Amino acid sequence: MSATGEEMTQQSYIQHHLTNLTVGEGFWTWNIDSLLFSVGLGMLFLWLFYRAGKKATTGVPGKFQCFVEIIVEFVDSSVKETFHGRNPVIAPLALTIFVWIFMMNFMDMIPVDWLPSLALLAGVPYLKVVPTTDVNITFSLALGVFVLIIYYSIKVKGVSGFVKELTFQPFNHWAMIPVNLLLETVTLVAKPISLALRLFGNLYAGELIFILIALMYGSNVALSALGVGLQLGWLIFHILVITLQAFIFMMLTIVYLSMAHEDH
């Protein structure tokens with residue numbers, strides 16, 4: 001596949017699949033494909049779960065309703081086991097994070113050439129379909145969690161309590177305030193950074209492996225046959241990866257917010 005319709009080199013093929021559709025320049029560059037797919041999948045999640053909730057009955061539930069109930073019960077039990085405060089927002093937030101990130105990750109299951117090829121026919125030169133392979137998306141999600149951590153830390157502990165937590169832990173002595181502040185600030189800032197980079201790194205690496213396997217199809221018969229086996233094996237393994245990454249992001253969010261609700 002090529003934006004010019006000519007044969008691509010392996011390097012240009014990889015680069016093409018890793019390039020976003022953008023508008024703007026410099027700091028104000030917008031990755032349109034990441035925004036469209038992330039917002040679109042978020043709206044699809046809301047519509048599907050709203051529909052399941054609206055059609056819920058006391059009788060025998062349908063297959064989709066059973067599936068939704070299993071997910072909701074799984075997330076709810078995870079919140080009850082991990083979150084030690086009282087906040088009705090946490091369970092819906094955890095459900096949204098888990099399902100939304102899973103749906104964005106699941107886009108990696110679509111063969112790498114399908115949607116970009118269709119976009120090329122429509123005159124769109126680049127199209128990245130997996131939003132979580134865009135570090136801007138993963139950092140946006142992590143930043144949202146970070147804002148909630150700060151908000152609930154101040155709401156539960158008060159401004160003075162939050163400042164005291166930063167300055168008198170882990171060493172409870174006024175002389176250690178600079179050291180405590182440095183350690184606690186690094187720990188606090190590391191939370192969203194680790195959330196974002198873990199999700200981005202795993203999904204970006206997974207997408208790159210799919211692209212490398214796809215290159216084998218154009219080599220020769222032997223490599224093409226090997227590519228089929230490798231793609232099937234990686235596809236099965238990657239289902240575990242995308243689910244696990246959504247679960248880890250959700251669980252760490254619950255843990256961080258539970259820590260924010262702890263009043264020392």
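Please read every residue number as a count from 1 along the shown chain.
The backbone N, Cα and C atoms fix where each Cβ goes, glycine too.
Taking Cβ pairs closer than 8 Å, the transmembrane segment (30-50) reaches residues 20-24, 64, 68, 96, 99-100, 103-104, 107, 126-131, 134, 136-137 in its own chain, all 6 or more past its ends. As annotated by Swiss-Prot, transmembrane segment applies to 30-50 (among others).
Feature annotation from Swiss-Prot assigns transmembrane segment to 90-110 (among others).
Among the features that Swiss-Prot reports, transmembrane segment is placed at 111-131 (among others), with the record citing sequence analysis. Packing against the transmembrane segment (111-131) from elsewhere in the chain are residues 1, 3, 16-22, 31, 33-34, 37-38, 41, 104-105, 137, 203, 207, 210-211, 214: each is 6 or more residues past its ends and has a CB under 8 Å from a CB in it.
Listed by sequence, the residues of this chain that lie at least six past the ends of the transmembrane segment (134-154) yet keep a Cβ under 8 A from its Cβ atoms are 20, 31, 34, 38, 87, 93, 97, 101, 104, 128, 162, 165, 188, 191-193, 195-197, 199-200, 249, 253, 256-257, 259-261. Feature annotation from Swiss-Prot assigns transmembrane segment to 134-154 (among others); the stated evidence is sequence analysis.
Swiss-Prot lists 177-197 (among others) with the feature transmembrane segment.
Among the features that Swiss-Prot reports, transmembrane segment is placed at 208-228 (among others), with the record citing sequence analysis.
Beyond the ends of the transmembrane segment (235-255), by six or more residues, the same chain brings 75, 78-79, 82-83, 90, 93-94, 97-99, 101-102, 105-106, 108-109, 132, 141, 145, 191, 194-195, 198-199, 202-203, 206, 210 to within a C-beta distance below 8 angstroms of the stretch. Residues annotated as transmembrane segment in Swiss-Prot: 235-255 (among others).
Remote same-chain partners of the transmembrane segment (90-110), defined as residues 6 or more beyond its termini with a Cβ less than 8 Å from a stretch Cβ, comprise 37-38, 41-42, 44-45, 49, 71-72, 75-76, 78-79, 83, 129-133, 137, 141, 148, 199, 203, 206-207, 210, 235, 238-239, 241-243, 245-247, 249-250, 253-254, 257.
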